[in-house]
Every structure is written in C-alpha cells, then in structure tokens.
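The following features are taken from TrEMBL:
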type	residues	note
TRANSMEM	6-27	transmembrane segment
CARBOHYD	N78	N-linked glycosylation site
DOMAIN	80-139	domain 'Potassium channel'
TRANSMEM	87-106	transmembrane segment
TRANSMEM	112-132	transmembrane segment
TRANSMEM	158-182	transmembrane segment
DOMAIN	173-251	domain 'Potassium channel'
TRANSMEM	194-212	transmembrane segment
TRANSMEM	224-247	transmembrane segment
Amino acid sequence: QQISWTPLLVLGYLFYLLLGAMVFQLLEKQAETHFRDQFQLEKLKFLQNYTCLDRQALEKFVQVLMEAWEKGVNPEGNSTNPSNWDFSNSFFFAGTVVTTIGYGNLSPSTVAGQIFCVFYALFGVPLNLAFLNQLGKALNSHLLTLERWVQKPGRAQVVQTLAMAIFLTTGTLLFLVFPPLVFSYVEGWSYGEGFYFTFITLSTIGFGDYVVGTNPNKHYIPVYRSLTAIWIVFGLAWLALVFNVGADLMERYLQLKWHKSDLSLAEGDTTKLEDEPEQPRIHIPS
C-alpha cells in the first residue's frame, strides 16, 4: 500500500509542474516582450541622439555591461563603490553556497576561487544539512516537551495542536512578516517585494533578482549582510521543518485516501459474496 499511491503522486507532481509552466508563461511572456521592445526602442533613441556612435559600438558596450553584471560588478556608480568581496559580503556569499541558495548575482571569477568553491560546497552542503537537521530536532523537541506536560490523555492532542499553532505563528512573524518590513526600510523595496525576497530566499530557490546590500547608492552598516546570513540560517531551519510537516501530512492524506478506497473495494467484494444466494447442494445417492 505504500507503493500503490506512488503513481498518483507522480502524476500530481507532473501536473503541478505543467500548471505552473502555463501560468508563468501566461503572466510573464507578454511583459517580457514589452520590455524587450522598449529596450530596443531606447537603443534606437540613443543612437539618434549620439550620431557619433554606430550600432556595433553600442552593442559591444551593452555586452560589456552584461559581463560586468555577471561578474558581480554593478554598472552604476564608479570605482569607489564598496567591494563585493569584503568580509561581510564574503561571509554572506559563503552562506549562500552551503545553503544552496545561489543567488547568481555574485560568483568567483578566478580559477582558484572556482575550484575552492567546488570543494567548499562539497563539504559545506552536508555540514549545513546536518546543522539544519539538528536545529530542526531541537525545535521539534520543544514541541514534544509541551506534550509531556499534559498528563490527562484527552488533552494531549489539544496541546499538540496548540503548540504547532504557536510554532507556526511565531515563525511566520519572525521569518516571513517582520523581515520584509526591515528590508523595505533599508533597501527601499515595497513590502510585497520584501516578502517575495524573504520567501524565495528561505526556500533556497534564490532567483537573484532581489539581493540585499547591493545598491551602490545606499550606505549599509558593515554587519548588515552578516546579520542577514544568520537570519537566513535560522529561517531555513524553520521553513524546512514546516515543509517536512506539510510533506508528511500530504503523504498521510494520500495513503489514507488510497487505503480507504482499497477497503471500500474489499468491503464491496465481501458484500457481493454475502448477497449471492447460496447454491443448493445436490445430494447424489450412492
């Protein structure tokens, strides 16, 4: 019975991916086409205003800007911008490596840095998983401690539900509701953008379209990104535990539904056998 619902889960998983692909295409493709046309129009206007440049020179300059962005160098500002590889930023980058977030806005450009990054992740990712697992067990143990306080058998389920509600509410406030307010104030984002960054980060999706501490026009305190990295670690442990609880509930639901359908079929077969009239026995005389 543990294997019987697996095909259903596979079909549901594939359907969920197909549904997401269709919705994202519907929502984003038209906007992408608009931005692309707008960018081409701006290039034409730029060439008309500066006739000393030709299209080839402009395309080459745009390519240089894109390469600079891929190397983590913000095209805005000048050479006095803070380094992307000071200790605070390097600490933040190390955290994005071992947590597998990988924003993509910053990456090692030297061969030595790339090789070190591979081996650093090779040992760092399992270490991070072990740390998060231990942290999750510590959080879970506090929930179990609350259950042991209750001696009456009828109240254990109530306390367990109440403890889970407190755990979810407190974690939601600490890791999903309040941090976007801070990011909105420091980074100048809207609350929706801050909430989007928060969830995309803690879920280790890490698109890299929003990253803290990268605006060259703002002056950040030195420990800003380091504190953000610490917040990410504890937020990862909390959200991972929430995801594990959700996955466990989903598996139990699927197993229960499939088990009930199997029982109903079995009961139907039994009822059918009971409803059938007993065949008369024929006595053959000797």
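Each Cβ is built from the backbone N, Cα and C atoms, and glycine gets one as well.
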Worksheet item: the transmembrane segment (112-132): which same-chain residues, six or more beyond its ends, come within Cβ distance under 8 Å?
Response: 94, 97-100, 233, 236-237, 240
Fill in: Local confidence of the prediction over the domain 'Potassium channel' (173-251), expressed as mean pLDDT
89
